[in-house]
Amino acid sequence: MAALPEEPAEVAAVKPDPEAGTPPQPPAAPPAAAAAAPAAPPAAAVEVEAAGNGGEAAAPKQAAPGPAASPAALDRQTLVAVLQFLRRSNLRESEEILRREARLLGDDLGAAALSPAGAGLLGAPGGDADSAGGEALLGRVTAAAAIAIGGSVATVASSSPGVAAVASVPPGKVGGGVVVEDQPDVSAVLSAYNQQGDPTLYEEYYSGLKHFIECSLDCHRAELSQLFYPLFVHMYLELVYNQHESEAKSFFERFHGDQECYYQDDLRVLSSLTKKEHMKGNETMLDFRTSKFVLRISRDSYQLLKRHLQEKQNNQIWNIVQEHLYIDIFDGMPRSKQQIDAMVGSLAGEAKREANKAKVFFGLLKEPEFDVPLDDEDEEGENEEGKPKKKKPKKDSVGSKSKKQDPNAPPQNRIPLPELKDSDKLDKVMNMKEAARRVRLGPECLPSICFYTFLNAYQGLTAVDITDDSSMIVGGFADSTVRVWSVTPKKLRSVKTAADLSLIDKESDDVLERIMDEKTASELKILYGHSGPVYGTSFSPDRNYLLSCSEDGTVRLWSLQTFTCLVGYKGHNYPVWDTQFSPYGYYFVSGGHDRVARLWATDHYQPLRIFAGHLADVTCTRFHPNSNYIATGSADRTIRLWDVLNGNCVRIFTGHKGPIHSLAFSPNGRFLATGATDGRVLLWDIGHGLMVGELKGHTDTIYALRFSRDGEILASGSMDNTVRLWDAVKAFEDLETDDFTTATGHINLPENSQDLLLV
């Protein structure tokens, strides 16, 4: 496989999605790649909302009457608190840098600690209010301690009103630079659930809103009913956080049965959070809190809700709507219950409309031109039978008449792709010749299906892949082995040893056959190297390499010439669920339990891109046919499309009611099919960012999806022990993708998908 020279963009360029919660910390980017993250202005400050006493927000105490502190005094208090903290933590170097920048000498620090203003801050007798304020401030400083280590750029701001920000910068730099933003910790997240209302009235607030929505007009009821689930979760968490455990239990038992069935798994996790201590470190709670739940509602329905809450003076619910929900308001008719049900169900609600407005180059790349003469085997065969030889049309080479450039295709050099080798060109010649002789599939001409059975697998088979020419099949197993079989009479052979290779005539025509060692020929090769179950496998397009990913957190690249491991890629911190080669080779993608997908190149041991944004495990990955985009499916019940060039998320698809387990792009690159544990196959128009079809028929998880080479048939395999064939041409014809549908999401899916079922 041709290896490209190292590009400057090889370093991970990460642009986390604004609604994606807290992504893992990416590798540092060079100055050229730093544009992915906007630089903060010099005066910017990071607000650290941690509080003292183990993250618990301290209740303010009544301060003794006295003169109000001036802003300058508060600035000095904050500075002294930071310096005292650094001294107690033995961070002498950081303390010296901060003192030098602030022009505060050691004597001044001691005097400030003894002054009345500083005494109250640092815990000396000086009033209850000052003491409590000092504890809270020191708690905030603690959250930023990691930033200050080593004198690196840091900015800490107090969340208390009137307290100015204190910045620490390296020597020689005056003013701000790039602000180092710390990950929001559990304490900061939980502190948002402060007490705002009478806990005994929560049930009354919720039931009152429920009664109002159920009694509203049908056209508004379906849209406003989307509020039930996020309000229920946030009100319950607020009760638990403020230690009203009995009220929280009563609230949960009364209203959890009213929620939609596809939220039952989330509610089961929520029911285990019965005490404040349970909330700390709980991933589900943090996901829900750090990413606003998105609701898409018409303007009329929103005004109706707002007017009701204002009339009833229901501040409790209105505050939750304002703080924890993102309402995407559109002009036009409200959506029907069927239209809403088709799009909701993910962990964070629907996708914002602007998330799917970026331009996507979904067309195919122009076929490269190459010179390979056609052989005349077919014509020679006809002559042997005594028939007259047909005059063959003049054709200098295959591929010289390349396709017209697709207007929706990306520029040819948008991302660097490997050059075609001679073997790749021969493969393309064979594919073109086969395509010319291929029978067109359809309802009247269904394909034949070949089943392979893995004997003595003892239910340990965890991953499978087949080469494009159906010559080899690979299985990943729970015993950490990777096994490769030949499914043709040609056996698998390894390359000879170096000593034997030196004796071969390199100029002979059959040198590729001579380098293979016949003594090693066998139908099966077993590859050892992983230390956990193998969850994903992928052959390279040229069939020279094989990828495998495992529970051990690594992705391994194997040579199919020597059947040995060439590289172990280490970047994921947890099990890797899936990996796949690019259609052009060289690049590959992986996704795992750490909630991110990574883009790799075979000759780089570090990832080129890190795609962060999913709120749960990345369970499946697929390259777009033009290799410029990557689709990822997740246990957060969403599908995301990522731009390989800059790492941006350009599409978010919601609608599945369970974790996604299979993805397939149509051969023309315009459509995406997805399957999940809800037993539904959903079809998406990538260009418009819309759902355009739903295939119902399976009764269990869909683990496999694949389009035929001509894109006319879609095959789906499920845990219900069936393989179904669908008419893809009929599914994608007469699509309604006008401007109104695109802007509002008023999709109209066919009612009966059984008309599309072929087998």
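A Cβ is built for glycine as well, from the same backbone N, Cα and C atoms used for every other residue.
Now, the feature entries from TrEMBL:
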- 1-70: region 'Disordered' (REGION)
- 1-20: compositional bias 'Low complexity' (COMPBIAS)
- 21-30: compositional bias 'Pro residues' (COMPBIAS)
- 31-70: compositional bias 'Low complexity' (COMPBIAS)
- 197-325: domain 'TFIID subunit TAF5 NTD2' (DOMAIN)
- 372-426: region 'Disordered' (REGION)
- 395-406: compositional bias 'Basic and acidic residues' (COMPBIAS)
- 454-495: repeat 'WD' (REPEAT)
- 527-562: repeat 'WD' (REPEAT)
- 569-600: repeat 'WD' (REPEAT)
- 611-652: repeat 'WD' (REPEAT)
- 653-686: repeat 'WD' (REPEAT)
- 695-727: repeat 'WD' (REPEAT)
Residues of the parent chain within Cβ reach of the repeat 'WD' (695-727), under 8 Å, 6 or more residues beyond its termini: 435, 438, 440-443, 446-447, 449, 658, 661-668, 673-677, 679-683, 753-754, 756-759
Going by DSSP, how much of the repeat 'WD' (695-727) is helix, how much is strand and how much is coil, in residues? 0 helix, 18 strand, 15 coil
Could you give the mean pLDDT over the repeat 'WD' (653-686), rounded to a whole number? 95
Spatial neighbours of the repeat 'WD' (611-652) not adjacent in sequence (6+ beyond its ends, CB under 8 Å) are 12-17, 19-21, 23-24, 26, 36, 287, 291, 345-348, 351-352, 355-356, 358, 360-365, 409-410, 414-415, 417, 577-584, 587, 589-593, 595-599, 658-665, 667-669, 672, 674, 676, 684, 686, 689
Within the same chain, the residues 6 or more beyond the ends of the repeat 'WD' (527-562) and with Cβ under 8 Å of it are 1, 421, 423-424, 427, 462-469, 471-472, 474-484, 492, 494-495, 568-581, 583-585, 588, 590, 592, 600, 602
Its residues classified by DSSP, the repeat 'WD' (527-562) shows 0 helix, 19 strand, 17 coil
In the repeat 'WD' (569-600), how many residues does DSSP put in helix, strand and coil? 0 helix, 19 strand, 13 coil
